[in-house]
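Data block below; observations after.
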Amino acid sequence: MAYYRTPHDVTALPAWQALQQHRDAMQDFSMREAFAADSKRFDEFSLSCCGLFLDYSKNLINEQSRDLLVQLAEQVGLQDAIKSMFSGEIINASEGRPVLHTALRRPVGDKLSVNGVNVMPEVHKVLNQITELVGRIHDGLWRGYSEKPITDVVNIGIGGSFLGPELVSEALLPYAQRGVRCHYLANIDGSEFHELSANLRAETTLFIVSSKSFNTLETLKNAMAARTWYLAQGGSEAELYRHFIAVSSNKAAAVAFGIREENIFPMWDWVGGRYSLWSAIGLPIALAIGTANFKELLSGAYTMDQHFQTAPFEKNMPVLLALLGVWYGNFWGARSHAILPYDHYLRNITKHLQQLDMESNGKSVLTDGTPVKTDTGPVIWGGVGCNGQHAYHQLLHQGTQLIPADFIVPVVSFNPVADHHQWLYANCLSQSQALMLGKTREEAEAELRQKGLNEADIEKLAPHKVIPGNRPSNTLVVERISPRRLGALVAMYEHKVFVQSVIWGINAFDQWGVELGKELGKGVYQRIVGSLEDSAEDGSTQGLINYFRGRHRG
């Protein structure tokens, strides 16, 4: 039977048990010593694909570690799982759906059947619709109610309808097309809409309402606020269609809102929100960078898809990163993973990967609903470049937790200023080096002696300057951020998450935990506004409701 119908006890597999024994043998493994003993270690534990270079030599592994981790991937049936996903089998078991975000980046001429229907013509039909719309807006042919061309596009969406598109449009800002500015409105916080709308003119603004169901609370509330603002600024109901379009599978609701049917871009239930930037949800990306660059983004992701399907596991970038995550999370006690981009334009990648990883693998039951046998997804956190060095890197270096990290850095800057980029790149490398090397007590004492301190002061200060080292990290290098390379990078992390879900036996493509808060939120709201008099289910929530009602004005 297919792997997803027979969730396994991964801890009972021979490779898992061998890894437990190997972990004990690696207790005193020193990366410092490993590099000193093997001049080829960097070559052995690095690889290139799809415009990305991965150095994973600064990890608590040797060749036996990698071999055993690869055996684990083989024993959980990873190759069959990969084939199942790409061929359209139902691997989202709890919702009875295939998982086919990869279909969105497949080239013209490919065939892929879902329920006996080839979906690829429809995929490329929507891509052509995107191309046509973007062309009309960029050429000034799509005009607002005053017949002026559109200058600003506001994407109204949250979660996957926001994080992925925001990441890509910001990361590819050097590729931005002139004449159209893209903005994002996600949170149901009036201050966000206030600050955004203060810099817009209704007559030249186009809103994209991105919601698969067209009933996402935050998105609908913001869409209604945008509509009210548009009318207050001089727009009319009759001309509303010029200023609002939608990406949704609920055409009726979008039409009822006032959006013309021809301006509604479809979504499919086999594309999850956090995997949807490749679909019409990526419309703001195409508007920001142009459809030619958007298609390059898709092509880059497709090359990673090919690598993922065909490369042997020991040379497969997403598989190796996934296995390293399992190694640290399940055998070394790591509970979080840091994403550290050394590039201003990539500053939002951590937010996207938080949703991608934590919403996918934050699960506590196997695909059949029984409890998991081991820990699953880690906390994903981090931030941009040198800023982190002056904030939380201290904990990475001298804290008590083992926190693996991914450093992401380009070789070439779009905006060279003197020798800034050389220093940025040097800082990235030196941070990973410092995590690995650390500083011994002897080195700390010698350093203090060189500064002229007496022995009594050295004895007091040296312990504080000792840095354990042996902290693992990966370094991902790109020559220069481009649509194609960014597509490959994001797709790589998508596949990494999937691989880990297969190993743990969980479903990476549902998110039932998100739904509970939505359901409870309705009752809390009704109690806040006084339309429901019954007390909340617990005293804490009711107390906080009472506190709000006693002090809120308006």
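Cβ atoms are placed via backbone N, Cα and C, with glycine included.
Sequence annotations record features per position, and here Swiss-Prot assigns active site, proton donor to Glu359. The feature active site is assigned by Swiss-Prot to His390, Lys518.
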In the chain carrying Lys518 (active site), residues 6 or more apart in sequence that have Cβ under 8 angstroms from it: Leu217
Glu359 (active site, proton donor) in three-state DSSP notation: helix
Three-class DSSP secondary structure - His390 (active site): coil
Pairwise Cα distance for His390 (active site)/the residue listed as 'active site, proton donor' [Å, integer]: 29
Packing count at Glu359 (active site, proton donor) (other Cβ atoms within 10 Å of its Cβ): 22
C-beta crowding around His390 (active site), within 10 angstroms: 8
